[in-house]
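All remarks here apply to the structure that follows.
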Amino acid sequence: MSQGCRWPAVLTIAGSDSGGGAGIQADLKTFAAHGCYGTSAITALTAQNTIGVQDVFPTPSEFLGKQITSILSDIDIKAIKTGMLFDAANTRAAIAALEDHYSNSDSNASNDSKSNVAIPTPTLPPLVCDPVCVSTSGHTLLDPDAISVIVEELFPLAVLVTPNKAEAELILNLSSSPQRQSRRDAPTLPRRIETLNDMLLAAQDLLSLGSKAVLLKGGHLVVLSEDVHRISEKHPSLLIVRDGILPDGGNMEILQANTNSAGVQLVVDVLCQTVENDDSDDSRQKPGPRMTLFCRPRIDSTNTHGTGCTLSSAVAAGLALGADVSTAVRRAVRYTYLGIIAADPTIGHGHGPLNHFHSMGELVVPRPTPTTPYPLTTLLIHRAGDAWKAYVEHEFVRLLGRGTLPRENFVHFIRQDYLYLKYYARAYALLSAKSTTFPSISRATQTVLNVLQEINTHKAFCASFGISEDELEQTPESAATAAYGGYLVDVGMRGDTTLLLIALLACLLGYGEVGLWLKKNVKKNKSGDTGERGWVIMDETDNPYVQWIEDYAGERYQAAVKAGLELIETRAASDPPSRARFEEWFAVWKRCTELEKGFWDMAMGLS
């Protein structure tokens, strides 16, 4: 066997696509994109392009077996993927070649004739079976005998099988599943998969056919976000993985308020795995399946040719690189999803191929999508989750919402906020000075004018708490105010206008987030409900701070939030950051969220 190979070798046993979008061509490109060395055994040649398949020429089964044996006898294969096997003879030939070379028991050993030392027979590496048996148009590609061989002889060798909806229906209708027959909720034949709940049941039935895991692909099933929500409530143990969709919670009310995700169609894949209950002391408890839903927005694209081949090959590559099944599937789903987004629509006149090499050009900030229009901000908030939560769910905010914040703490806060606004206006003045176009100069200048207008509102608000303008001006600046304001000016002096926008964004978005959450919870309290996350919010008629909440939840401030979001996202999209530059952005964002928390710490401590 070869020694010292830096790239783990992966074997694909599948058909050839002369158009290059599917089959071994897609597999080999996917292996290479993941840093793996691809090898192939071809089951059939096809004359096809993006429009369709014009002819098929099968590989003789004996020759297919020789291809596999030739590869395995020389190259240390770390994972195997099977695709279109063509017929029962080729399927049996592939299985026989694998079984001849591998053994699942180290007890079968050969002796080295020179040293008389027992050498264990190699164990079958992770095998991913993509049971290609139904075309996109719904035509059966394999005869029932071949499908039976795949299910009865290949599935038990596989760590994962990856059928789509039509393939799962065909397999289940041709197979006898004892698990399905014993379940009272199992439908009678013919089996159809029409809902997300049907997918969960079908995945469990497919798992009973012998593989260690099943990934039931949902590309041909329309699912809405409400469907995912309902199924997760019905099955609390489900793990939901969202890609390109705003996560539930996470203090992202400002992003959700500016995102129209209602009625967005999703693609949901279901991973069902056999899990041993090693931690259970109850001997009566049987091992049960673990279910994971991989959800992402449906993409309106014709560049979907070879999606199944690509996904299964990406899983095999992940396994060859040492990932477990769940991690390999999660990464493969995302890789395939991005491959569709990044595809070149000019290739061919029909269903074109994915972009298998999209990952070679690093994209630190994802591209905007209809369901995630603010990917940079989403990434910043999510990555600095603990700091962001400590800021927007601060005890000061909780007491403010309850209406129980001591008056002296709030007065101390609004005095210091008045002084902070001077720094804030100066920072935007720096942004205006450093801007190079009239629109950008205008935007920054208008913000300064808005702050000056807000100062008058701030003075009037302070007066309602008995604080005169002279008292505001005579207020000693706290250490927290000086630290935060000084940091803003320091960032502004560095010369990078985008970096300054990131620094200013933490204040803009944080107060918008707090305003929306408090307003939302006040409304819930009026209907008799408790606030979210256990917040008990006082009715607005009894809350002395309701005007503050209204100001930051109001249309005027939220319009400024939306403008800020669109500005920073436009910057990131027009000039995508390198990894090093993004890390600089993130460091400033996190520091500003920490300084914002420190500002409220100051108000609570009256320091």
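The backbone N, Cα and C atoms fix where each Cβ goes, and this holds for glycine too.
Database features, via TrEMBL:
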DOMAIN    17-102  domain 'Pyridoxamine kinase/Phosphomethylpyrimidine kinase'
DOMAIN    122-223  domain 'Pyridoxamine kinase/Phosphomethylpyrimidine kinase'
DOMAIN    287-355  domain 'Pyridoxamine kinase/Phosphomethylpyrimidine kinase'
DOMAIN    386-604  domain 'Thiaminase-2/PQQC'
TRANSMEM  499-518  transmembrane segment
**Request:** Quickly jot the same-chain residues contacting the transmembrane segment (499-518) by Cβ under 8 Å, restricted to those at least six beyond its ends, or write none.
**Result:** 251-254, 257, 377, 380-381, 388, 391-392, 397, 400-401, 424, 427-428, 430-431, 434, 487-488, 491-492, 532, 537, 549, 551-554, 557-558, 560-561, 564-565, 567-568, 571, 584-585, 588-589, 592-593, 595-596
**Request:** Can you check how the pLDDT averages out over the domain 'Pyridoxamine kinase/Phosphomethylpyrimidine kinase' (17-102)?
**Result:** 95
**Request:** Count up the helix, strand and coil residues in the domain 'Pyridoxamine kinase/Phosphomethylpyrimidine kinase' (17-102) according to DSSP, in that order.
**Result:** 37 helix, 25 strand, 24 coil
**Complete:** Reduced to three DSSP states, the domain 'Pyridoxamine kinase/Phosphomethylpyrimidine kinase' (287-355) has 31 helix, 12 strand, 26 coil
